[in-house]
Amino acid sequence: MPTTPLRKTAMTTRQPIYKSLYFQVIVAIVIGILIGHFYPETGKALKPLGDGFIKLIKMVIAPIIFCTVVSGIAGMQNMKSVGKTGGYALLYFEIVSTIALLIGLIVVNVVQPGAGMNIDVSTLDASKIAAYVTAGKDQSIVGFILNVIPNTIVGAFANGDILQVLMFSVIFGFALHRLGSYGKPVLDFIDRFAHVMFNIINMIMKLAPIGAFGAMAFTIGAYGVSSLVQLGQLMICFYITCVLFVVLVLGSICRAHGFSIFKLVRYIREELLIVLGTSSSESALPRMLIKMERLGAQKSVVGLVIPTGYSFNLDGTSIYLTMAAVFIAQATNTHMDITHQITLLLVLLLSSKGAAGVTGSGFIVLAATLSAVGHLPVAGLALILGIDRFMSEARALTNLVGNAVATVVVAKWVGELDTDKLQSELASGGSAILETRPEDDLGVAEGPTPANAVNTTKTV
């Protein structure tokens, strides 16, 4: 009987709009806003729904990163390409995140959203930010580097530290590659284990609307729409800056490399809506690994760039850090000359690299930065504590788009991008992840095993 590749079947399947994930998440967010506004106590009580969904996602992030990176590296013929990919990725991250920091600094100086507030620092309640300041003091260059090395292998996975898991995965992948055919059974096991993990993600993502509903209901219920008005100028300024950064800066990078930022945003629309609902770019990480490989980037590039980008390429967080720091100075009438601002920029070039893609990490890094600079009042963090949750959504969305662009660009730089596949996927707008395709199992390094090969076709 004739067979039809599963890829073709998945790509041509169309579903009613009410069954699509992005439609369900949009409806859930709207309902969450209404519940939080009209029934704030009920909204606050729904917080566990959002927290539970994020915990479910974080539960599988470490094993997925491990499988993706190990199989990608172990299956490569030339180990030099791994170092080349990592080097180009870090170069891209440093250049683009520096541009993001500079744009935030320029915009906040031009617009001056904090001017005229005349806040007396002594009147601010610093008790609410004590935990953030304490966490921020632990942020240092040496501490950050040492923290990348896990105390134990189990500890890295148990704590869910992305960089620790990534480091161990890279070492494990190199070691497995050196074993050659002797290590093939281990690689085959990782292949199959990865397939199981991605199927777990598919099941978890069915709960995305519930998670987005709970998180949004809590945010509006706890802080209220009225809390947006007082510091609305900073929020509007920040949101507009993020949009301009994506359209102009990332858009220019995309255009220079032969694809459209608007088509890319459309392609990852479901992931963006999940991030919008949860305020955490980490919630979309597993799906981004699938989407970026479908887009034509080799799995070895995807496995290195995406996880690393969650600490080194947070463009939205970079914009937020410079804008928030200078806003606090403006609101408290703290003088900042060009020397102070250059010092702030240099400190942020280092401290911003320690921000993971989870909710609230940007605020901790901001506390660390203010403590390190010394010139700015740390108590001023209390000014933006109430609206940080609302700004975290723009941060997370910008971070996600930035890492998607980085993956495609780095893949093209190292010659690991299928440009025909890229253009066809972007032109089609991408297919919904209805089921995990065999080729989405990023563990397949050399090609399907005989057992896998049977499942790559579907009888019609």
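Positions of Cβ are set from backbone N, Cα and C atoms, glycine also.
Noted in Swiss-Prot for the protein shown:
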type	residues	note
REGION	438-460	region 'Disordered'
TRANSMEM	21-38	transmembrane segment
TRANSMEM	53-75	transmembrane segment
TRANSMEM	88-110	transmembrane segment
TRANSMEM	153-175	transmembrane segment
TRANSMEM	196-218	transmembrane segment
TRANSMEM	231-253	transmembrane segment
TRANSMEM	301-323	transmembrane segment
TRANSMEM	363-385	transmembrane segment
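Contact between the transmembrane segment (153-175) and the transmembrane segment (301-323) holds: at least three of their C-beta pairs are under 8 Å, each pair 6 or more apart in sequence. Non-local neighbours of the transmembrane segment (53-75) in the same chain are 82, 156-157, 160, 162, 165-166, 168-170, 172-174, 176-177, 183, 187, 190-191, 193-194, 197-198, 200-201, 204, 207-208, 210-212, 214-215, 278, 280, 282-283, 285-286, 289, 298-304, 307, 358-359, 442-446; each lies 6+ residues outside the stretch with a CB under 8 Å from one of its CB atoms. Tallying C-beta pairs under 8 angstroms between the transmembrane segment (301-323) and each of 21-38, 88-110, 231-253 places 88-110 first.
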